Amino acid sequence: MGIAETVSDGRQLAIERPGAGAVAAVVLYLVADLATKLLGTTVYALGFRVMGGALTVGSLASMVLDGLLVGLAVGLAGIGLSMTYSILDFANFAHGDTVTVGAFLGWVAAYVTANLAVSAPLTDLFLFNGGAQLSASASWVLVLFGLVVAAVGTVAVVLVVDRIVYRPMRDSGNIALLIASIGVALALRYLVAFVFSTQTSGVATSGTRLQLFAGVAITDNEIALLVVAVVLMLGVHLLLQRTKLGKAMRAMADNEDLARVTGIPTERVVRLTWVLGGALAGTSGYLLVLESGTISFNFGWILLLLIFAAVIVGGIGSIYGAMAGGVLIGLVDSLALIWLPSGLTRAAAFAVLIVVLLLRPSGIFGGVSTA
Amino acid sequence: MSDAETVERTMPESDVPTTSDAIDSPLLEVDGLRKQFGGVTAVDGASFKVAKGSFTGLIGPNGAGKSTTFNCITGIHEPTAGTVTFDGHDVTGLAPYTLAKRGLVRTFQIARELSEMTVLENVMLAPPGQLGESALRSVVPGLRERVQRDETEVVEAAWETLEFFEIDHLAHENAGNLSGGQRKLLEMARVLMTEPEMVLLDEPLAGVNPTLEEKLLDRIDELRQDGLTFLLVEHDMDVIMNHCEHIIVMHQGQVLAEGDADTIQSDERVLEAYLGGDV
Amino acid sequence: MSGFEDVRDRLEALPDAALVVSFLVGIWLLLTLLAFAVGGAQSANLAAGFVGSVTVLVGAYAILTLALNLQWGYTGLFNIGIAGFMAVGAYTTAILTAPVDPGAGGVPGFGLPLLVGLLGGMVMAAIVGAIAALPALRLRADYLAIVTVALSEIIRLFVNWGGVAEVEVFGKRFGTGGATGISFKSPDEVVATLVNGPGQPLVAAAESVGISGPNVVNMAYGLSLLAIAAGSYWVLSRVSDSPFGRVLKAIREDETVTQSLGKDTRLFKIKAFMIGCALMGLAGALFRGGAGYISPAQFRPVITFYVFAALIIGGSGSNTGSILGAATFSALLFYLPARLGEYFPTFGRSAPGNVFEAIAALGSLDPTPLVAYTVGNISTLRFVLIGAVLVYIIQNQPDGLLGHRNEPAASVDLRRPRSADGGETDE
């Protein structure tokens, strides 16, 4: 496509959909600005700096890496949120706290097992006191063990919650379910606080650092997050494409009535939705703690809006969209630092969420992919 | 294929003695109306006129595009192409509330009562230009008294309307508790409270028992005496043939034929559309 | 469930004002009893402290719940950005009333009187509400919810940002104080001046029975908030019992139909949203900023969900229910459990440091550590209780205490006018 054509397309876009046109203009400016910054030049107009500055490739690369790591975990958590949103038709505000619960279950298992030999009292170990912190390279078996416990434990928790709270409400409207999930969120979060107190504990620390190139290093824990997240996403992909149940779930996500008519066992699919979504939420929480090193009772709640952003940017109901949306939101959250002060990068991610909901509620990949 | 050609092909003037072109002073005029949803064309160049004060029927097999035509006329959908003229003004694509303010209102195929509001509230909602629709006037002492005076009249009119439709005994009932037929009556009562010039009725008799049906049709006749215009979508052919002086037949998104009951009943294409054209 | 309905039926038999007053008096009595049960020689003062604090909470939550009821209960606008609109109101008030020359470490403001500041806060909250509403009100309810909660977080992150802690515009210095917050003209102190000035005899009388001056001020502040809540109730009742309120209800039921009946629904929605946001802004300034200091941490989204819990308990759609819900939530679910935990007998032993020790003691058949731990952490557990109550109500009593009531939206008597009554009179 020639430049002239692109320009005229752009003009048409700006006229027909002013919102989308404005967004496109901002994105274009940011890309151009990033390029000039990387070149180390500055463009002035009328005495004002319009774009440019200084940014090394190394610091850009480490920002991309940071964004990718958070984004993968957020995308992993987003899969469950996206599936409940489309299959059960409600925005699950308890999903962030499900992430927290998974992380605590997994890390208690890993931490206590790892430190059994230490002389500290067991009751202290349960609260992450008195033992040594874990790293993926030094004790990968235990880290993996914790991961499995996180997944299985979270599944158990969400199934119990579904049985008590959501199943009696299958015919309720999406707002009633949403409000119920707010109740679940409060209950889960403060049960965790009741057991583990409201303090922040350190549980993981990096064992080794790998220098990728100048200014960019990756730790063993980060590599673990990267590998596990990618493997799980591939697994989800295979499940959806190759198995009958996966296909049924995609059909349900697209259209619940249709799925009912064609005789897919709805309640079974609903249960599988919770199982898959819960397991991924739990592992995502566990991996995020592995990466950051610390755990606290409300970290999932704080993360919730970011997960929502991922799901909505990717298109509600789209599992691949949730993964891609997670990475995108992770990158926005981290790359916004190039243009915004550090206190406002999270605000930028939320702003993206709002803009997408207003201009393209079906998500930026909406209509392209199903599942 | 252009719209003009389509219309000409499906509606050659020589075949139809009483086309709507004969209507001198139409209250509503639909010209070349088209509506596409994605790749599906629901209405494909429909053109017709509705005379002031008439009781016009709009019929056609399922999927002929009647409801979509209604939705395009009343601003629920924006037409892809074509114009809608009401009372001499181009009203294409105007918002439903603007059209309602100009006197063009509709009822819905499935009665849409405001279920958590009482029957009386449903009816009292409708009158246009109520002073108390301003939040400020409703609050400020002194101004509120005027709101109340205004509303006393609305209450009176609402009760009269409910009595007219013989649902006054249900006035304080939540609308959601009404039977299907009663809901249809309520919807008609509500729409008449907007002081309309023209009412589009989307299957007002579906699910209404015969006694109630008679009553409703009587009401419509009475209201026509007062100068109201009605456009009716209905599946019950007896009703259409016995009550409507002008009938428009739609098929596959286009106007297939129009005229009085005799003309329509003797039109072969109409028979064909109903018998074989479906699916 | 029959217990719930029983309570509900009893509540309904009373006129609304009597209902609310007796509810409040009941709460005050309950707390007074508690104070006298645990307070010893300090009982009167303790009771005054309890009553004062709970009244502040009830008043503040009543304003917030009424505002949300207009938006959600009446109009069906699912706003979960309450914390953000509170922040806008509170910060605007703070910036307008903070001293021009605050001295070392303080954030300068415009030094205006409190009343002007509060008014400014309400106006600004309404404006931000309108800006948010213009594009967002056409969204589905759950999308609107996500947009508003995201907006409230953006607002909080913005005032928290160091870049706006102190700025200079046209030679005027002002700011939000960033993460450390901002001090401004304390509403509490304004009430205190009144109480210690013209109200001096009252303070003297209170002190003679052992109630401290600050507790008198606190009670007075609570009563002021209640008065504002009563004023809001008066305004909102008139707003909702009118043709305006009728259109709002109709929008909640079916917006397309409302449009088809000739109502420009967007305008009504924006107005309702703005009125609600203005009240939220006022509550933000008076509740969070009661002591003349606010910081971003006071405006986390969780407070939004407390207001929702209050409204759902009371019954969305009912103004009287909103106040009862606010009282039930803030006094019985939020305040009372914390006080109970504070004064509950722990059988003479201190609570163990963590739940695992408490559970371990169960092995030696000693349940007291677990009880002690539970009681000691009741202020945490009350949130679990709030969550459970929310789920219970949504499942079993979605209308809350009063939401099922048929409260027709009209400004006049809806009985059949005599002239239309079957021709009994010849008028």
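We number each residue from 1, going along the chain as drawn.
Just so you know, glycine gets a Cβ as well, placed from its N, Cα and C.
Predicted automatically and left uncurated, TrEMBL annotations should be read as such.
Since the structure is predicted, the reported quantities are computational estimates derived from the model, not experimental observations.
If you look up TrEMBL, you'll see C:17-38, C:44-64, C:76-98, C:110-134, C:219-236, C:272-291, C:370-394 marked as transmembrane segment. Here TrEMBL flags C:405-421 as compositional bias 'Basic and acidic residues'. For C:405-427, the entry in TrEMBL reads region 'Disordered'.
Contact check: the transmembrane segment (C:110-134) against the transmembrane segment (C:76-98) gives at least three Cβ pairs closer than 8 Å, residues 6 or more apart, which meets the contact criterion. Counting residues 6+ beyond its ends, the transmembrane segment (C:272-291) has Cβ neighbours under 8 Å at 56, 60, 63-64, 66-68, 70-71, 74-75, 77, 79, 82, 85-90, 92-94, 117-118, 121-130, 132-133, 137, 184, 186-188, 221, 225, 228, 232, 236, 239, 248, 298-299 in the same chain. Here the transmembrane segment (C:76-98) has Cβ contacts under 8 Å with residues 64, 67-68, 106-114, 116-118, 120-125, 128-129, 132, 137, 141-142, 144-145, 147-156, 159, 174-176, 182-185, 251-253, 269, 272-273, 276-278, 280-285, 287-289, 294, 296, 298-305, 307-308 of the same chain, all six or more residues outside its ends. Taking every listed stretch (C:44-64, C:219-236, C:370-394) in turn, the largest tally of C-beta pairs under 8 A with the transmembrane segment (C:17-38) is reached by C:44-64.
Sequence-distant neighbours of the transmembrane segment (C:219-236) (same chain, 6+ residues past either end, Cβ-Cβ under 8 Å): 24, 48, 51-56, 58-60, 62-63, 66-67, 69-70, 187-188, 191-192, 194-195, 199, 275, 279, 282, 286-287, 290, 319-320, 323, 326.
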